[in-house]
Amino acid sequence: MSHRHSHRLSRLLNIGLPYFWLGLFFLLPFVMVLRISLAEPTLAQPPYTALWEWVEQGVLQIRLNLANFQLLREDDIYLAALLNSLWVALVGTVCCLLLGYPMAYAIATAPERRRILLLMLIILPFWTSFLIRVYAWIGLLNANGLLNTFLLWLGVIDEPLKILHTQMAVYIGVVYSYLPFMILPLYANLTRLDPTLLEAAADLGCRPFRAFLRVTLPLSMPGIVAGSMLVFIPVVGEFVIPDLLGSPGSLMIGKLMWTEFFANKDWPLASALAIVLLAVLVVPFVLMQRLQQDDEGTRT
Amino acid sequence: MSSLPDRRLLESWQDPKAAPYVRIERLTKKFGDVYAVDDVSLNIFQGEFFSLLGSSGCGKSTLLRLLAGLEYPTSGRIHIDGVDVTDVPPYSRPVNMMFQSYALFPHMTVEQNIDFGLRQDRLPRRERAERIGEMLDLLKITPLRKRRPDQLSGGQRQRVALARSLAKHPKLLLLDEPLGALDKRLRENTQFELVNLQERLGTTFVTVTHDQEEAMTMSSRIAIMEAGQIMQIDTPTAIYEFPNCRFVAEFIGSVNLFEGKIVERQGDQVLIEAQFGGLMRMRSFQPHAIGTPVMVAIRPEKMRLCETPGGDGVNRLQGIVEDIAYLGDVSIYRIRTGSGLLAEMTLTNIQPRTEQALTWEQEAVIEWSPTSGVVLTE
C-alpha cells in the first residue's frame with residue numbers, strides 16, 4: 001500500500017514539477033504584467049495604481065483601465081513599430097536560414113571527428129557576453145572602424161561606408177547574434193536524416209540537387225520551423241541590437257517598450273505593449289500548431 | 001559426341017554462346033587498406049536469380065553497391081547489357097535496388113514512393129499512373145496506396161520497397177537482404193512469391209543474403225563469398241552436393257570431413273587411407289597424385305546405419321551414439337569413434353521416436369557409398 005502511495009507521489013512530482021515551474025516563472029509574471037497593463041501610471045512606488053481597493057465596509061472596488069490598450073490602437077507609432085519589428089525579424093530570419101542551412105548541412109555531413117570542432121566554433125561566441133559582442137560591431141562598422149579601414153586600404157571605396165546606425169547594421173547584428181539558434185536545431189535535424197534515403201533517390205534516377213529538393217529539404221522542415229521560431233520570436237522584441245547599431249529614428253517594439261518603462265516611467269503602457277506583442281507572437285503559433293495536429297489527425 | 005549440344009538442355013551459364021548480361025571483370029574495391037571486394041570476376045545471365053551468399057563482412061553488400069553505382073571500384077570493370085557502366089553514376093544506371101532498410105521516403109505516400117523514380121524519367125502523367133497501378137496490383141498493395149511508410153507493417157513496407165524498385169522496369173534488380181527484416185513465417189511465404197514474381201517479369205535479380213536456406217530456395221545460381229573473394233559459383237544443388245573446397249562444404253549445411261591420403265586410383269574412384277584408421281573409396285574426377293593429402297566431405301543425411309557388418313570395411317565407421325538431436329522430421333545422431341572422431345548422421349524418423357532402434361550409448365556402425373561425397377584438396 002505504501003509502495004503504491006510513493007509511486008503516486010513520484011508521478012505527481014514528475015507531472016507537477018514542470019507545471020509548478022511554468023506557473024511560477026511564466027504564468028505568474030504574465031499575470032503580473034497583465035495586471036499592471038490594466039492600471040494607471042502614478043508618481044509613486046510602484047509607479048502604477050492598485051487594481052482594487054476596499055472603499056467602505058464590504059465593498060470592493062475594481063478599476064480596469066483599458067486606456068493603455070486604446071492608446072496603443074490610436075497612436076500610429078505603436079503599429080508602425082510593431083510592423084517594423086516583424087519585418088526586421090522576418091528579414092533576419094530569412095537571412096539566418098539562407099546562411100545557416102548550408103552551414104548546418106556542412107557540419108552534419110562533415111566527418112564525425114570534425115563535427116565537434118565545428119559545433120564548438122558555432123557555440124564559442126556564447127562564452128562572451130551578448131552585450132559586449134554587439135558593442136564590438138560598433139568598432140567594426142563605424143566610419144573609421146576595421147571594415148572601412150580595410151576597404152579603403154584595398155581601394156575598393158574612396159570614402160567610408162555609412163553602415164553603423166542604419167537598418168543594415170541592425171540586420172548584420174541580428175544575423176550575427178541569432179545564427180547559432182538557426183544552425184543548432186537544423187544540425188540536430190540533418191544529422192538524423194538517413195543517408196540511405198539519398199542513395200535510394202540516386203538509385204531511382206535523381207541527381208544530387210533534385211534529391212536535396214525532394215528528400216532532404218522536406219524532411220528537414222521541422223528543423224527549419226524550429227530554427228526560424230528560435231530566431232524570429234526573440235528578434236521581434238530585440239532591444240540591444242537596434243539600440244546600439246540601428247539608427248536613432250528606427251522604431252522597434254523593444255526599443256519603444258524600453259522607453260516607456262524607463263524613460264517615461266509609464267509601466268502600465270509598457271505592460272500593455274508587452275501583452276499585445278505576446279498575443280501577436282503566440283496566437284498565430286498556437287493556431288498553426290492546432291492546424292498541424294488536425295492534419296495529423298486526419299492522416300491516421 | 002560430334003553433334004552440337006542441344007541449347008534447350010543448357011542453362012544460359014553453361015552455354016558458351018550466351019552473352020552474359022552482367023559482366024564483372026577483375027573488380028576490386030579497397031576501403032583504406034581493407035579489400036572489401038578482391039579481384040572478383042563474375043558473369044550473370046539474363047533472367048537469372050543470382051544470389052551472393054556469405055557471412056557479414058565478406059564483401060557481398062559492397063559488390064551489390066558497386067553494381068548499383070553507390071560505390072566506385074578501385075579497379076576493374078562492370079558491363080551491363082553490353083555497356084561499360086563502371087563510371088556511370090547511380091542515377092544514370094539501368095539498375096534499381098531494393099535496400100535492406102527499404103529506405104522508403106517517410107514524407108511520401110506509398111503511391112508517391114512508387115512514383116518517385118517514374119517522375120525522374122519525366123514519363124507522362126497517364127503512363128505514370130498506369131505504371132503505379134500495375135505495381136500496386138502486382139504486389140497486392142492497392143488498398144495501402146494513400147498510406148505513409150510509418151503506417152505500414154514490416155511486410156507491407158517490404159512490398160512497397162519492391163514495388164518502387166520494380167516500377168522503372170530496371171534491366172537489373174538488386175536486392176540487399178530482401179527478406180532480412182521479416183519474421184520467419186512471413187519470410188518463407190515471401191521467398192516463393194519473390195521467385196514467382198521474378199519468373200513472371202523475367203527481370204534479372206541479384207540478391208545479397210546471409211541466409212543459406214533463402215539462397216538455396218530462390219536462386220538459379222549462388223556465389224559463395226568470403227573475405228572479398230568468390231569461393232564458388234554454382235547452382236544450389238551443385239553447391240550443396242559438390243562443394244569445391246572445405247570452406248564452401250562447411251558454410252552450406254553440415255558436413256563430415258574425414259582427412260586422409262590418396263593411396264590408389266581405380267578408374268574413376270580413389271582409395272584413401274583415412275586418418276581415423278580405415279579405408280575410404282570415393283569417386284573423384286580430379287587427377288590426384290598418390291600420396292596427396294585430401295579431405296572427404298560427406299553430408300550427414302548421406303550416412304546410413306550399416307545392416308550387414310563385415311565385408312571389406314571400406315567407407316565404414318564404428319562408434320557409440322553420444323548425442324541425439326530430435327528435430328521431429330529427422331534426428332541427428334553424433335557418433336564418437338574409438339579414435340575420438342565425431343561423425344554426424346541424419347536419419348529420417350520413419351518410425352515414431354519411441355520405436356527407433358538407435359539410442360544413447362549404443363554401439364553403431366555407419367557407412368556411405370563412394371558417390372555420396374566429394375574429395376577435397378583445400
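Cβ from N, Cα, C; glycine included.
Annotations in TrEMBL come from automatic prediction, not curation.
These features come from TrEMBL:
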DOMAIN    A:82-288  domain 'ABC transmembrane type-1'
TRANSMEM  A:12-38  transmembrane segment
TRANSMEM  A:77-104  transmembrane segment
TRANSMEM  A:116-138  transmembrane segment
TRANSMEM  A:168-190  transmembrane segment
TRANSMEM  A:211-236  transmembrane segment
TRANSMEM  A:267-287  transmembrane segment
Kindly say whether the transmembrane segment (A:12-38) and the transmembrane segment (A:267-287) touch, using the definition of 3 or more Cβ pairs under 8 Å where each pair is 6 or more positions apart.
yes
Any chance the transmembrane segment (A:168-190) and the transmembrane segment (A:267-287) have 3 or more Cβ pairs under 8 A, given the pairs are 6 or more apart in sequence?
no
Other parts of the chain folded back onto the transmembrane segment (A:267-287), taken as Cβ under 8 Å at six or more residues beyond its ends:
30, 33-34, 36-41, 46-48, 65, 68-69, 71-72, 78, 82, 86, 229, 233, 236-237, 253, 256-257, 260-261
